[in-house]
Amino acid sequence: MGAALGTGTRLAPWPGRACGALPRWTPTAPAQGCHSKPGPARPVPLKKRGYDVTRNPHLNKGMAFTLEERLQLGIHGLIPPCFLSQDVQLLRIMRYYERQQSDLDKYIILMTLQDRNEKLFYRVLTSDVEKFMPIVYTPTVGLACQHYGLTFRRPRGLFITIHDKGHLATMLNSWPEDNIKAVVVTDGERILGLGDLGCYGMGIPVGKLALYTACGGVNPQQCLPVLLDVGTNNEELLRDPLYIGLKHQRVHGKAYDDLLDEFMQAVTDKFGINCLIQFEDFANANAFRLLNKYRNKYCMFNDDIQGTASVAVAGILAALRITKNKLSNHVFVFQGAGEAAMGIAHLLVMALEKEGVPKAEATRKIWMVDSKGLIVKGRSHLNHEKEMFAQDHPEVNSLEEVVRLVKPTAIIGVAAIAGAFTEQILRDMASFHERPIIFALSNPTSKAECTAEKCYRVTEGRGIFASGSPFKSVTLEDGKTFIPGQGNNAYVFPGVALGVIAGGIRHIPDEIFLLTAEQIAQEVSEQHLSQGRLYPPLSTIRDVSLRIAIKVLDYAYKHNLASYYPEPKDKEAFVRSLVYTPDYDSFTLDSYTWPKEAMNVQTV
């Protein structure tokens, strides 16, 4: 722990500083980002021995165990007689990884490593976040979820079913860790843009929490992935003999709501009222109402609504430095009116209000197109969210017509309709404005509204492009090269989570997501903008997440949202002291000796 924080930084000891969870860092060391070179590993006492050590991914070091550790832990002979540093272990993994032909095979290798040696897994991820993020999360995680029956190797996370209702507290007691600080939960009904994958959706919470640690430094032993299995309406899965979930239609209504209510209460009863619960990939009908139902009662947020909103608004704020005007000068057309679209729209309204625009005027700057066309006043069966953005305008059937009529400065695709941004739409956008904003945010890549290459080619390099999934750099005929910005939620949720955990925040207001968007936009340099980037390089994401966490923590104390007191004087030092390190611990016994005269053997 950082000495500058001292004893009594809190009224009670910080919960969950498990052995091996802290980086070897001191506040007096020179600032070197999130990855200052660690000092010697301190000995960590273990009660486990033998196979209980080598088969525990939190403890296993493979051939990095020293001879002394092997002898003391009773594992000598259970490991080959070879001694490797973590650097060499990383090299072995990388060489094997590079031999794989498919991304799915690479995903399986990494997940198998996570099940075997957790520290090495995170050493691999943090060695090149930009390289490995598309494998452990979008777009490859979508493919892994579709084939989860084949890729499933070892249970990771907690599977809770509708038939366990009334016994969720008992099920949570089955989890081996008691000091959980973050839960990511899904019911598998709307996995990315792939639809209802039921129990196969567990790949999403597992992947998200891997990024909590790799990008945000949250201790993985304090994270819990949860799949709520209430059935699936995917007939293909119901017929599949390899499907690992409940084989019946989805349960809705009161029984579903009762399960969610019990789950939320059981989590907070077990892990505390400030345990963070992130909702992920719930269907639109449930996502909004559950967010509104729980947001002021529990420490929770919905990443598809609020996380996506934050990263999208961050990209828009960065784009303003290219268009050289204010947010209030822009008009937005959305392809899609689901969770992501509504989340972005609401945060845009908040940003416009902060700029001084009245709310009614701000909503008129946002036009939404769903499967039935432009959302207009008087249209039947509009839900509350859509009514807020319904325009006083005659009905318009297609996105192309809406773009032609409205002449927006920005189009944002979040409907998972591949190719929705046609060449005609892109040409129109380029004719209306010198620097049109074009965000194709749908995941995975196969569902993107347009490719980066198509956007830059049709707009002759004038389009300001961002996507939800990664695209390679694009070089036009004139030799100009663009590096597309990826609006990945991983810029948001790891840093927000670290800040929320650090402050013991009990409720997460939308202001935190606007603050996060502003911080991400500030991280983009002029050089990045000249390359077409609207987001900082993924290689810097751990440092970005750290600064977001510090901002969140500072905001929490200023607005009386934090529950841990006294307030840390040096918030950066405090947050850094919580960051997980993949460096191995030492498991040798604490050995020392007494003065010789004190050990004289008494005789008769």
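Heads up, the Cβ atoms here are built off N, Cα and C, so glycines get one too.
According to Swiss-Prot, E280, D281 bind divalent metal cation; the candidate from D229, D240, D257, D304 that the record adds to this site is D304.
The DSSP secondary structure for D304 (NAD(+) binding site) is helix. Within 10 Å of the C-beta of D304 (NAD(+) binding site) we count 26 further C-beta atoms, all protein chains included. Checking Cα-Cα distances from K208 (active site, proton acceptor) against the recorded positions (Y137, E280, D304) with a 10 Å cut-off leaves Y137, E280, in sequence order.
You'll find the Cα of D281 (divalent metal cation binding site) roughly 5 Å from the Cα of R190 (NAD(+) binding site). Closest in space to E280 (divalent metal cation binding site), of the recorded positions given as Y137, R190, N443, is R190, taking the CA atom of each residue. In this structure the alpha carbons, written CA, of N443 (NAD(+) binding site) and Y137 (active site, proton donor) are 11 Å apart.
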